[in-house]
Structure formats: C-alpha cells, structure tokens
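**Q** Here it is, the structure, as structure tokens.
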Amino acid sequence: MTHQGIGCLVKWLYLVLIVHTLLCIGQLECRQQHHNRNNNNNNRRADSSSSEEGHGNTSDGLDNFADQDASFVGHGHQPRRGQRKKQQGGGGGGSGGGGGNGGGGGSRHNRNEESGISLWINEQQLKMLTALYFPQGYSERLYAIHNSRVTNDLRDTTLYNFLVIPSEVNYVNFTWKSGRRKYFYDFDRLQTMDESILKAPTLSIRKSGRIPQEQKNFSIFLPCTGNSSGTASFNVGLKIQTRHNKPLSGTPIRLNFKKECAHRGVYDIDASNPTSLTTLQECSLKCGKNGYCNEHHICKCNVGYTGQYCETAFCFPQCLNGGNCTAPSVCTCPEGYQGTQCEGGICKDKCLNGGKCIQKDKCQCSKGYYGLRCEYSKCVIPCKNEGRCIGNNLCRCPNGLRGDHCEIGRKQRSICKCRNGTCVSHKHCKCHPGFYGRHCNGRKRRHVHRNDDSKF
C-alpha cells in the first residue's frame with residue numbers, strides 16, 4: 001500500500017472516531033434530561049399533594065377549585081398533569097393568603113373581598129345628622145355591612161343614646177351594593193315605638209327585591225304625626241339572602257334609631273293659674289323668636305333651628321372655609337370667600353382657562369395650566385382648532401381632529417340646532433327657561449290664576 005493510501009485510511013478512521021464520540025455525548029445528554037424530567041415529575045407530585053392538604057383548610061375563597069378536585073382526591077386517584085398545574089396556581093393562592101407565598105387563588109379571594117356586599121349611611125347624610133355635634137360634621141362612612149361582614153357600627157348602643165335625628169331631617173339615606181354575587185333583601189320590620197309622635201317608617205324602594213350590583217342609594221322616610229312633640233324610637237329590620245336562600249352571616253340586621261318631632265300647633269295658657277302663666281312666660285322668653293314653649297315647658301324649635309333654647313341655626317349643606325350659619329341655610333362668609341356655602345373665593349383678577357377661585361386671590365387651575373391666574377399652558381406648542389391642553393404637551397381634541405396638537409383632520413360640524421337654547425355637545429341642546437324639546441322649539445305654558453273678584 002502506498003503512502004497516499006495509508007494517509008486516506010487514517011483520515012477515514014479519524015472521522016469515524018469523531019462521529020462515534022458525538023453520538024456518545026448525545027446519548028449522555030438524553031439520559032441526563034430524562035433523569036431531570038423524572039425528578040421534576042416527582043417534585044411536582046409532592047407539591048401537588050401538599051397543595052391538596054393546604055387546600056383542604058381553605059373555605060369560600062376557593063369553592064370552585066375544591067369542587068373540581070374533590071372527585072379525584074376523594075377516590076384516591078392522582079390528579080392529572082393539567083390539574084396539577086391548576087393546583088400549583090390555585091392551591092398556592094390558598095397558602096399565599098396565609099403566608100404571602102401563593103399566587104392565583106389568594107389574589108382571587110382578595111378581589112372577592114373588595115367586591116363583597118356593603119351597606120352604609122350616605123356620607124352627606126351623616127354630615128347632616130352629626131352637624132349638631134361636630135362643627136364640620138362627621139364625614140366618614142358608617143357601615144352596617146362592609147365587604148360581606150356585618151359590623152356593629154350602626155348597632156352600637158352608644159350611637160343610639162348619642163345620636164338623635166333632628167326634627168328638621170325627615171329621612172335617612174343609605175347606600176349599598178352587592179358586588180359580584182347576587183343577594184336579595186327583605187325589610188321585615190319597619191316599626192315605630194310611639195305612634196302618637198312618629199308614624200311607621202317607609203321606604204323609597206320596594207320592601208323586598210334584589211340588591212343592585214353597582215352602588216345605589218335608597219331612603220328611609222320618617223313621617224312625624226304632627227300631633228305631639230317629643231323623641232320617638234323606631235326599628236328597622238333587614239334580611240339578606242344569597243340566590244340559594246342562604247342567609248348572609250350576621251343577618252337579620254336590627255337597627256334602632258331615635259327621631260325628634262315637633263308639634264307646630266298653639267298651646268292654650270291657663271290664665272287662672274299665675275304660677276303656670278309665669279312659668280310659660282319665662283319659657284317663652286328663653287325660647288325666643290326661633291321656637292315656642294310646649295305644655296311641658298320645653299322649647300320646641302321652628303324649622304331650621306336647634307338647641308336647648310333654639311339658639312342655633314341649622315345649615316345644610318355645611319358652611320365651608322370658616323363660614324358661620326347665622327340663619328337656616330344662610331352662611332356668613334369670612335373675608336375672601338363667597339357662595340351659599342362659602343365654597344368659593346373672591347379673586348381680584350379672573351382665573352383663566354377654566355380655573356376656579358378657591359380662596360382670596362388664589363386660583364385652582366384646570367389640568368394642563370398653571371400660574372397665579374392659570375395663564376400659562378403646559379403645552380409648549382399651543383393646541384390648535386379649539387383643542388384643550390390637559391397635560392405636558394398633551395392636547396384633548398374636538399371630534400374629528402387628532403394629532404399631538406389637534407392639527408390633523410377636520411372639526412365636525414355640529415348638528416345641534418338650538419332655537420331657544422345652547423349646544424352642550426355635538427347634538428344636544430340645553431334649553432332656556434320656559435322652553436323644551438330636542439331643539440328647544442317648544443314653549444311651556446304659563447298657568448295664570450285669575451281672581452274671581454275680577455268679575456265684579
């Protein structure tokens with residue numbers, strides 16, 4: 001064999017050796033991957049079994065997940081791979097609720113908590129009820145149910161003894177929402193404890209029905225008889241059930257309140273009894289012009305006044321910014337403020353670009369503007385075609401226009417044809433007083449009251 005033939009043979013042997021080595025390395029990698037896969041499966045089984053044990057201790061937050069896995073765990077079967085993945089997400093959420101390590105289920109439980117059923121007294125109503133006890137009113141919510149849990153806020157005996165609904169207030173506003181689940185209500189008790197002073201409470205809604213999912217208001221009206229003066233207690237009972245007729249835990253709710261009523265009649269004075277006359281005269285002097293003295297020698301205040309001797313005027317809404325209530329619903333504002341509630345300031349120079357005067361010579365600017373008078377825009381390049389600056393170089397464009405500065409497109413022509421009004425949107429009219437209709441072309445008739453004496 002020649003030297004050239006030997007060289008070719010050596011090259012072929014070298015190539016065969018390289019191929020064989022690569023095949024061996026590939027087999028080793030396959031075995032290692034198979035070994036790792038087995039270890040992962042074992043770990044996954046262990047995790048799924050532990051998540052099943054942890055899942056057994058959870059309650060309503062993971063009801064759907066428990067129903068799906070009960071048939072597998074209860075019969076001793078190992079969950080399938082797809083269900084093991086479900087357990088790792090859902091079961092981990094259960095443990096996450098306790099230790100903060102889990103994922104999906106725990107966050108779902110939190111979302112359910114945030115969207116649970118709630119019932120509370122309207123903040124504006126609570127300000128009015130507590131205005132006599134707190135100078136600025138009590139502005140926090142007072143819950144009867146908060147996130148599906150019945151609270152004791154409205155059932156507190158201290159509140160019952162402390163809070164008396166004044167004679168000027170004839171209703172109590174409540175706000176409620178059911179959230180994601182369906183709940184049904186039934187007012188099974190609307191009762192007065194003294195029918196001579198207060199009639200039975202009535203509702204602005206049906207006595208029973210479904211609680212709205214979104215936030216809604218309803219009122220409980222408190223009609224005084226008008227025949228007697230005094231303070232009467234009344235009770236409100238409320239049952240709440242799920243769509244499966246299961247009562248909400250903590251219900252029925254029993255709420256007790258007190259309502260003051262004032263008789264507006266005139267009492268007779270026994271002139272034959274000098275002592276009685278003197279006492280009544282003294283009582284009348286104390287009550288002043290804002291009230292009158294009843295047969296029990298107690299001042300009963302006219303509408304809009306309160307206090308032991310009817311010396312305090314009652315303003316609702318409250319006077320703001322340090323204003324004083326000097327007469328029923330009349331606020332005397334301090335220097336620099338104006339408005340029925342002293343809610344607005346007095347600015348020597350007008351606030352520009354939609355700004356609002358909130359204090360003496362101080363403007364509250366709209367979005368996208370700043371300065372003492374809101375005269376400066378945050379848009380370096382002004383918005384065109386009646387666009388409005390709402391942020392740093394950010395314009396809000398009218399319909400039909402677009403672009404960074406509302407420079408692209410054509411403004412839509414308004415189809416609003418108001419004859420006796422002004423356009424408030426693309427196709428809606430706001431009619432002047434005395435007119436109505438889509439285009440404000442209808443005139444309201446004026447009712448003229450004729451005096452019968454004019455015949456003669």
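The backbone N, Cα and C atoms fix where each Cβ goes, glycine too.
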**Q** Based on what Swiss-Prot records, which one of Cys325, Cys342 is disulphide-bonded to Cys333?
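**A** Candidates were Cys325, Cys342; Swiss-Prot matches Cys333 with Cys342.
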**Q** Which residue in the list Cys423, Cys440 does Swiss-Prot annotate as forming a disulfide bond with Cys431?
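**A** According to Swiss-Prot, the disulfide partner of Cys431 among Cys423, Cys440 is Cys440.
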**Q** Choose one of Cys301, Cys319: the cysteine that Swiss-Prot connects to Cys310 by a disulfide bond.
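**A** So the cysteine paired with Cys310 in Swiss-Prot is Cys301.
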**Q** Please name the cysteine among Cys351, Cys374 that Swiss-Prot pairs with Cys365 through a disulfide bond.
**A** Cys374
**Q** Can you tell me how the residues of the domain 'EGF-like 3' (343-375) break down into helix, strand and coil by DSSP?
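**A** Split into helix, strand and coil, the domain 'EGF-like 3' (343-375) gives 0 helix, 11 strand, 22 coil.
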**Q** Compile a sequence-ordered list of residues in the same chain as Cys431 (disulfide bond), six or more apart from it, whose Cβ lies below 8 A from its Cβ; state 'none' when nothing qualifies.
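**A** The answer is Cys418, Asn420, Gly421, Gly437, Cys440.
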**Q** Based on DSSP, name the secondary structure state of Cys383 (disulfide bond): helix, strand or coil.
**A** coil
**Q** State the Cα to Cα distance, in Å, between Cys351 (disulfide bond) and Cys261 (disulfide bond), rounded to an integer.
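**A** Approximately 47 Å lies between the Cα of Cys351 (disulfide bond) and that of Cys261 (disulfide bond).
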**Q** Mean pLDDT for the domain 'EGF-like 1' (279-311), as a whole number?
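**A** Across the domain 'EGF-like 1' (279-311), the average pLDDT comes out at 76.
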